[in-house]
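Accompanying notes for the structure given below.
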Amino acid sequence: MGNCLHPVETSFSLDQNGTQFAFEYLNYSYDYNTTDELMDNYHIEAAAPCHSCNLLDNSSLPFFILTSVLGVLASGAVLFAILKPLSHWQICPSWPILAQLAVGSALFSFAVPVLAPGLNTAHNTGLCFLGYWIWYTSAFAQALLIGCYACLNPRLGIGQIRRLTLGLTVGLWGAALLLGLPVTLASDVYNGLCTLASNKDLEALKSTHSAICFIIFTVLPLVLLVAKGMKKALGKGPGPWVSVLWIWFIFWWPHGMVLIFDVLVRSKIVLLQSCPSQQILDVMLNLAEALAVLHCVATPLLLALFCHQTTRRSLLSLSLPVRQSSHTDAFAIKS
């Protein structure tokens, strides 16, 4: 992906504007024997723009398309397996919430081509807004669903309470829709590419979006881990239910971290004193974005593994009373 042999100005990616900037003249102490030619070269290089290597340019379009197709197929297959009548996966506790995770992954997969670089003729402002809204709404919803599933399912058995499941569904998806509004309102079409608008009036919206991503994708899993550790250390209950679904956060955790750091840099709270530092930040933004995109392929696989593990344990637990009762009957007959 991308062309690093010939560095170009960072294009407007999904979560960053172009980061081309010019260094201000630095306070430079030098020896009086320094030649005029050396000083001229220094000032020319210091004032030159910093060009980053963009990994997610038009050449990365096959990556986005392939990921989208695989995500749609995998999410559809898992969703069918969960919703199929008399499916053994419906033994999973709270399987409606698991189905919603598959729906969220499928929605994200459909939104990937809309925001992919290279499809310049396919973009308009309305489609751009819709793409960003679906992209982040589905991601926020999945994170909130995993968090609630981990915290509430072992204690309340929410899969057995339809009203509670419906209330959680409406509440979580409603919250995700609201959390996706800042990035939606800050997006626009620039040179045929759907991106965040490079407008100072929208900086507040972009900063709000980055803070939301940091809280949902980075802080939330840390809170779950700390709560699990504290509950176990104090012996006050099992705490959040640790499962393979927590791997989902690995795909989004760097995204939240890099976005909040980028906000600190753009607001000049954190100063990058060299061009290589800015280039590293741009590369990290691209890599975090690519890792986040891959979650739509990994999520159905995690759901399938989770359902397989839980149904297997459930079937074993159900078969134990049957075996015990059969042994008891056999003993009674012998006696």
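Yeah, the Cβs are placed from backbone N, Cα and C, and that goes for glycine too.
What TrEMBL lists as transmembrane segment is 61-83, 95-112, 132-152, 164-187, 207-227, 239-264, 284-307.
Most Cβ pairs under 8 Å to the transmembrane segment (95-112), among the stretches 61-83, 132-152, 207-227, 284-307, belong to 61-83. Spatially, the transmembrane segment (284-307) is adjacent to the transmembrane segment (61-83); three or more Cβ-Cβ distances between them are under 8 Å for residues at least 6 apart in sequence.
Sequence-remote contacts of a segment are chain residues at least 6 beyond its ends whose Cβ falls under 8 Å from one of its Cβ atoms, and for the transmembrane segment (61-83) they are 1, 89-90, 92, 95, 98-99, 102-103, 105-106, 108-110, 112-113, 115-119, 290, 293-294, 296-297, 299-301, 303-304, 307.
Here the transmembrane segment (239-264) has Cβ contacts under 8 Å with residues 15-16, 101, 139, 142-143, 146, 149-151, 153-154, 206-207, 209-211, 213-221, 224, 227-232, 270, 281, 284-285, 287-289, 291-292, 294-295, 298-299, 302-303, 305-306, 309 of the same chain, all six or more residues outside its ends. Through the fold, the transmembrane segment (132-152) approaches residues 14, 94, 97-98, 100-101, 104-105, 107-108, 110-112, 114-115, 158, 168, 172-173, 175-177, 179-181, 183-184, 187, 194, 209, 212-213, 216-217, 220, 224, 227, 240-243, 245-246, 248-249, 252, 292, 295, 299 of its own chain, all at least 6 residues removed from its boundaries and within a Cβ separation under 8 Å. Long-range neighbours of the transmembrane segment (207-227) within the same chain, counting only residues 6 or more positions beyond its ends whose Cβ lies under 8 Å from a Cβ of the stretch, are 15, 136, 139-140, 143-144, 147, 150-151, 179, 182-183, 186, 239-240, 246, 249, 252-253, 255-257, 259-260, 262-263, 267.
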